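Residues or ranges marked as region 'Disordered' in TrEMBL: 1-21, 109-130. According to TrEMBL, the domain 'PNPLA' annotation covers 49-250. The annotation motif 'GXSXG' is assigned in TrEMBL to 83-87. The active site, nucleophile annotation in TrEMBL covers SER85. The feature compositional bias 'Basic and acidic residues' is assigned by TrEMBL to 114-129. Under the heading active site, proton acceptor, TrEMBL lists ASP237.
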Amino acid sequence: MSTTTPSPAPGSSAGAAVPGPAAASVPVQVPVPVPVQTPTPTTGERALVLGGGGSTGNAWLIGVVAGLADAGVDVTTADLTVGTSAGATTAAQLAGATPAELYAAVVAGAPPRRAPDPGRDDRRERTRQAADQMARTAALIAASRDAADMRRRLGAAALDLPAASDASAQARWRATVAARLPSTSWPRRALLLTAVDARTGAPVVLGAHSGVDLVDAVAASCAGGFAYGVGPDRFIDGGYRRNENADLAAGCRRVLVLSPLGGRTRTPREWGMQLDVQVAELRAQGSAVETLVPDGPAEGLVGPRAMDLTLRPAAARAGHAQGVEAADRVARLWR
């Protein structure tokens with residue numbers, strides 16, 4: 001099913017994701033010494049956009065890409081890949097392993113790897129953290145004047161969390177992210193991962209030439225709770241800009257967007273965070289765009305249940321089925 005669902009709805013991108021800027025084009029700023037890497041599209045360039053959606057969203061994305069590949073459409077050949085939050089993890093994973101390998105690991109029931117933390121009940125802790133995060137961010141969104149104000153408030157709140165200044169918590173998060181990646185090297189193909197500067201609320205784009213390790217870039221893009229430090233800078237989830245950040249593919253002639261959260265956001269409609277707004281912007285600039293969102297069985301496996309690791313195999317299978325079903329349509333865009 002190809003759709004860009006416009007209605008706001010609860011969602012989560014890498015823990016609890018709140019998308020980003022207003023409908024108008026929002027400048028992407030990066031604090032020195034992290035320069036912005038932007039795409040330099042050429043005629044015929046293809047872009048793959050992977051949106052946020054928590055752990056089950058990551059599994060669904062892997063399933064879709066694997067299903068497309070099994071049906072003869074290899075979207076990992078994209079000239080540009082844009083990853084946000086769970087999509088950043090997926091993009092980095094696809095840079096180091098085949099879709100089939102990643103899919104097999106998920107459906108086998110292997111949870112996303114994390115650094116060991118003896119004595120901790122991970123499932124209960126994740127449930128508590130997700131509930132707390134949803135409540136905290138909902139209050140901040142409600143109090144915000146606009147998207148930029150929301151990002152500043154979310155950044156300030158993330159900086160106030162004890163883990164933001166706890167070296168051991170920061171190291172554990174980095175180790176958890178590193179353990180999930182088959183390779184810790186940036187790929188040769190262009191890859192852009194999104195984040196937000198926690199101190200200023202400015203959107204950030206990290207790439208191979210940004211001076212940031214791939215592990216740190218993914219950890220920053222997925223920092224849906226506390227702010228993650230890279231050198232002197234502090235970052236929060238790229239989904240706080242937009243869940244998909246598809247506008248970063250501007251100039252690419254063909255764009256495929258995979259959105260685990262169905263193109264919806266928890267922000268006011270007038271802020272223009274929805275995927276349909278991003279798609280309209282791209283099409284107005286001449287891009288051909290296709291979107292895939294969770295359909296049928298997959299719909300109940302993402303969003304509020306995004307951090308339930310037991311649902312990952314089912315989410316991956318549902319995504320795979322969608323990928324196979326959508327292969328002919330995607331092939332017409334991609335080839």
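Cβ from N, Cα, C; glycine included.
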Original post:
Between ASP237 (active site, proton acceptor) and SER85 (active site, nucleophile), what C-alpha distance do you get in Å?
Top reply: 6
**OP:** Can you check how the pLDDT averages out over the motif 'GXSXG' (83-87)?
**Re:** 99
**OP:** Specify the secondary structure state of SER85 (active site, nucleophile) as given by DSSP, simplified to three classes.
**Re:** coil
